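Peer 1: Okay, here's the structure, questions in a sec.
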Amino acid sequence: MNGFAVIPSVTTTTTSGEPIAGDVARKQNLLELNREGLERFFENVLGEKRYRAHQVMKWIHHRYVSDFEQMTDVGKALRARLQACAEVRVPCVVFDKHSADGTHKWLLAMDTDSKNAIETVYIPDKGRGTLCVSSQIGCGLNCTFCSTATQGFNRNLTTAEIIGQVWVAARHLGNVPHQQRRLTNVVMMGMGEPLMNFDNVVRAMSVMRDDLGYGLSNKRVTLSTSGLVPMIDRLSTESDVSLAVSLHAPNDKLREQLVPLNKKYPIAELMASCERYLSVNRKRDSVTFEYTLMKGVNDKQEHAHELVKLMRQFDCAMQVKGAAKVNLIPFNPFPGTYYERSTEVDIRAFQKILLDAQILAMVRRTRGDDIDAACGQLKGQVVDRTRRQAEFRRTIEDRVGRDVAA
């Protein structure tokens, strides 16, 4: 278990993440706070100067120390007060798996009984290391090609549980911000829809980008969404991280089958919200559109030509060539799915149509599929509050029954 103890989660912050002054009966998890929240906690609860908060924040996020007694440049009296009213509570590592290609996956327990757990994935590459972080236990959406969707939904993760994934991974990797950086990028592409957990995700991303936290630049933190249009608009006013959109289809009819959220926010509205996002965040010059290729579903040449038209319209609206970038993702199978991965020939043919039209299109190399850590394969352990798990099991049983009868 790597020495990470699980303690029942308690809330000692307001909905905005501010510490509740004077509430020392319950310990404040300092991972729940960004720099501003930690400064307020030290001023209002501990009666200390703000620079003390900065000292502790560095101990937590630069040196991965969770025991106040080990924070040697913090006075003994202050350490004692911190022990009485605060803690650094991190997720518990249930197991970790290594892929043959270097990918690393952790199953992290969020509750004392380990019935709820999420998955976090580290993907090393030449000159970079990317951490794929989860935002929910399960997912409230029901995308038909995603393993997480089959698990149903339990709840949103807290800020501490989100940034705790980064803490666990960075500690394991021996990451040293500003020096020996093993973790160079974070993508909010794990379990869950990040924009359905807006406040906690935005607060966690602020710690990722803070020099007292993990020191990542805005462009190295990417949020991926299935297309919650109002929340994309809100994100544009509260953060300027890189934006990725799970598109997966070039027209509404097909996208509604793959991403049911499209019935509420169709492609035209989604693309308009992406235009507004770039208009507000002038530092960002592009949006990445993710497109999972499934055999015979969305990988035909006519789909590629439709996608070209959609991407060109976006570039034209932004008056920037290359404002739309396409990330082609070969489908990663999971038990019970009826989708199949497109052939390599079809994937390359699809990409060529985009490239010939001068649309930047990359094919994402599949990583970690031997440990079910590839895109779309994460599922964790979810105590489902919906009926989706049971419905998925019945679907599989019915399919197996038909196959046996045949």
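Quick reminder: no glycine exception, Cβ is built from N, Cα and C everywhere.
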Peer 1: Name the residue, out of S206, S217, S224, S273, that Swiss-Prot lists for the same S-adenosyl-L-methionine site as G192, E193, S246, L247, H248, N332, please.
Peer 2: S224
Peer 1: Could you round the CA separation between E193 (S-adenosyl-L-methionine binding site) and C132 (disulfide bond) to a whole angstrom and send it over?
Peer 2: 13
Peer 1: Going by C-alpha positions, which of the recorded positions (E119, C132, S224, H248) is nearest C146 ([4Fe-4S] cluster binding site)?
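Peer 2: Going through E119, C132, S224, H248 one by one, the closest to C146 ([4Fe-4S] cluster binding site) is H248.
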Peer 1: Want to know which recorded positions, from E119, C132, G192, S224, S246, H248, are within 10 Å of C139 ([4Fe-4S] cluster binding site) at Cα; which are they?
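Peer 2: For C139 ([4Fe-4S] cluster binding site), the recorded positions whose Cα atoms are within 10 Å come to G192.
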Peer 1: Provide the three-state secondary structure of G192 (S-adenosyl-L-methionine binding site) computed with DSSP.
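Peer 2: Reduced to three states, the DSSP call for G192 (S-adenosyl-L-methionine binding site) is coil.
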Peer 1: For C146 ([4Fe-4S] cluster binding site), name the DSSP secondary structure in the helix/strand/coil scheme.
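Peer 2: Its secondary structure by DSSP: coil.
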Peer 1: For S224 (S-adenosyl-L-methionine binding site), identify the closest of the recorded positions E119, C132, C143, judging by Cα separation.
Peer 2: C132
Peer 1: C146 ([4Fe-4S] cluster binding site) has how many other Cβ neighbours within 10 Å of its own Cβ?
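Peer 2: Cβ-Cβ neighbours of C146 ([4Fe-4S] cluster binding site) within 10 Å number 26.
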